[in-house]
Amino acid sequence: MSMLWIAAIAASLASFVQKWLGYQVPSEVLERPRVARVTRLLPIALLGALVAVQTATDGAAIVADARLAAVGVAAVLLVLRAPFLVVVISAAAAAAALRALGWG
Amino acid sequence: MVTGIMSAALPSSRTAVPDEVRQIRRTGFSVGLATGLYGISYGALATATGLDLWQAMVLSAVLISGGSQFAFVGVIGAGLAIGAALASILLGVRNSLYGLALSRVLPRGGWRGAARAQLTIDESAATSASGTTPEAARAGFWAAGVWVYVFWNLFSLAGALVGQFVSDPGAWGLDAAAAAAFLALLWPRLRSGETIAIAVAAAFVALLTTPVLPSGLPVLAAAMVAVVAGLWPSRGRTEGEQR
């Protein structure tokens, strides 16, 4: 079995366990202020990091290419309260167009 | 749920409660359809970045948590399977919190106990939270959970089928689509100076560690920003605002 399958199955089972655990844990544990703060901030830090990595890295190198402009387009659309699909498709179209023109 | 609040205030509670329940079921359906649609982008990204159709669909059917699935695919794109699983698990931590909040209104045992766990995601928790009575909260959870599950799987299958025929994801801008998807998932959470600071700090940590750590790990290093910020002795004010 490939590493990819192992990772996919492990992540899937872990996801179920996480969801199930929420119903079992005595509420005092997760309501502790610091535990609650870490769990609230974790998705924010991870998504911030994922945006950066997916936008500006290529392997071990930091790069600025068509993705950077595309994420700029996405940010403008988010400010304008565009729906998720519109944001994602516009970003893809912007990057594809820039690359077709030979940049990035 | 303005109508829910208004009808609950009416004296004839026999008709008022089903009204809100019907309304929240409709809301759950719309939420499910809207969320399901962006399963297309997940599916296309998944197969275009190297997952096969079955792997992409196992994540939609069993893992089912949009942010975690995008994270898995994003880190796989960088080439590290274990990192992908870890990033996905860290993003899923919030689902435990939803279970905690939902445990008061949902049934415990049997297959429904397992189903409620499987369907515990952002959308079902949010729809449930909009219900003003336990019945409405329950109806909202099941409606949003079931419809998201159905549409998310249908549309990720459609996306995954399309993604298989994309030989160069870059030419279609799919790598930029992934970055934009993360930004769009992050956006609604940036409600205070603190959350913006944490997102920016995490982005910097990820970029600074990219040249020195194996791919996939910079994202996990950045997660430490949340741990440090969360454990830092806090100003009592933010605690009170949370719930």
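Quick reminder: no glycine exception, Cβ is built from N, Cα and C everywhere.
Taken from TrEMBL, the feature transmembrane segment applies to B:31-51 (among others).
What TrEMBL records for B:71-93 (among others) is transmembrane segment.
Positions annotated as transmembrane segment by TrEMBL: B:146-165 (among others).
For B:171-188 (among others), the entry in TrEMBL reads transmembrane segment. Proximity of distant same-chain residues to the transmembrane segment (B:171-188), defined by a Cβ-Cβ separation under 8 Å and at least 6 residues beyond the stretch ends, is recorded for 38, 41-42, 44-45, 48-49, 66-67, 70-71, 73-74, 77, 163, 199.
As annotated by TrEMBL, transmembrane segment applies to B:195-213 (among others).
The annotation transmembrane segment is assigned in TrEMBL to B:219-234 (among others).
The transmembrane segment (B:219-234) is in contact with the transmembrane segment (B:71-93), judged by 3+ CB-CB distances under 8 Å for residue pairs 6 or more apart in sequence.
By the count of Cβ pairs under 8 Å, the stretch nearest in packing to the transmembrane segment (B:31-51) among B:71-93, B:146-165, B:195-213 is B:146-165.
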